[in-house]
Amino acid sequence: MPADTPARYLAFADGSSLSNPGGPGGTGFVVVDRARPALRFGATRWVTDGTYAVTNNRMELRAVLEALDGLPEGEAVDVVSDSRYVVDALSKWIHGWRKKGWRTAAGEPVLNRDLIEALDARGRELRVRYSWVRGHDGHPVNEVVDALAQSAARGATGPSEANVIEALRAAAVIG
């Protein structure tokens, strides 16, 4: 897909860990189908099961996984995140990590490998492009997914569908 061609789906995702590491954490996402238009959004609260600590980076990765869940195979998706870690891990670093047997440049095991591999596998089923947006800088949709993630982490009710639609309109994602 050419770099200047918008994908059919546009996904915004954000994660939050109230105590990093340790949690609890939350994820939030908004997905827009530009062909219909149609909208899907959600938030999930996460606590540790003892296997992995709840961290900001794990929540950011989980938010993207949740956003990509259920999208039709072969479709193009533009994923927008305020996490440079997510964008760089999935669009740059992953190639070197695979070649080095999932080791970093310093020879250490790649953190969050389970989620990165899951996103890589899902990314192979879809055509995913990742882009970064500055967090807490007034982007309406990023602010909404941030609020979804933080509300989920606190176990509180997050933004409503009307709030999500208002943010999408403010960002000129929908009319």
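Just so it is clear, glycine is given a Cβ too, placed from its N, Cα and C backbone atoms.
Positions annotated as domain 'RNase H type-1' by Swiss-Prot: 5-154.
Long-range C-beta contacts of ASP82 (Mg(2+) 1 binding site), restricted to its own chain and to partners at least six residues apart, with a cutoff below 8 Å, comprise ASP14, TRP132, VAL133, ARG134, GLY135, HIS136, ASN142, ASP146. Annotated Mg(2+) 1 binding site per Swiss-Prot: ASP14, GLU60, ASP82, in sequence order.
The Mg(2+) 2 binding site feature in Swiss-Prot is assigned to ASP14, ASP146. Mapped onto three states, the DSSP output places ASP146 (Mg(2+) 2 binding site) in helix. A 10 Å cutoff on Cβ-Cβ distances gives ASP146 (Mg(2+) 2 binding site) a total of 22 other Cβ atoms nearby, all chains included.
The Mg(2+) 1 site, placed at the center of the C-beta atoms of ASP14, GLU60, ASP82, has further neighbours from the same chain whose C-beta lies within 8 angstroms: ALA13, GLY15, SER16, MET59, ALA63, SER81, SER83, VAL86, GLY135, ASN142, VAL145, ASP146, ALA149. A simple Cβ count within 10 Å picks out one of the binding-site residues ASP14, GLU60 as the most packed, and that one is ASP14. Within the domain 'RNase H type-1' (5-154), the DSSP-based counts of helix, strand and coil residues read 57 helix, 41 strand, 52 coil.
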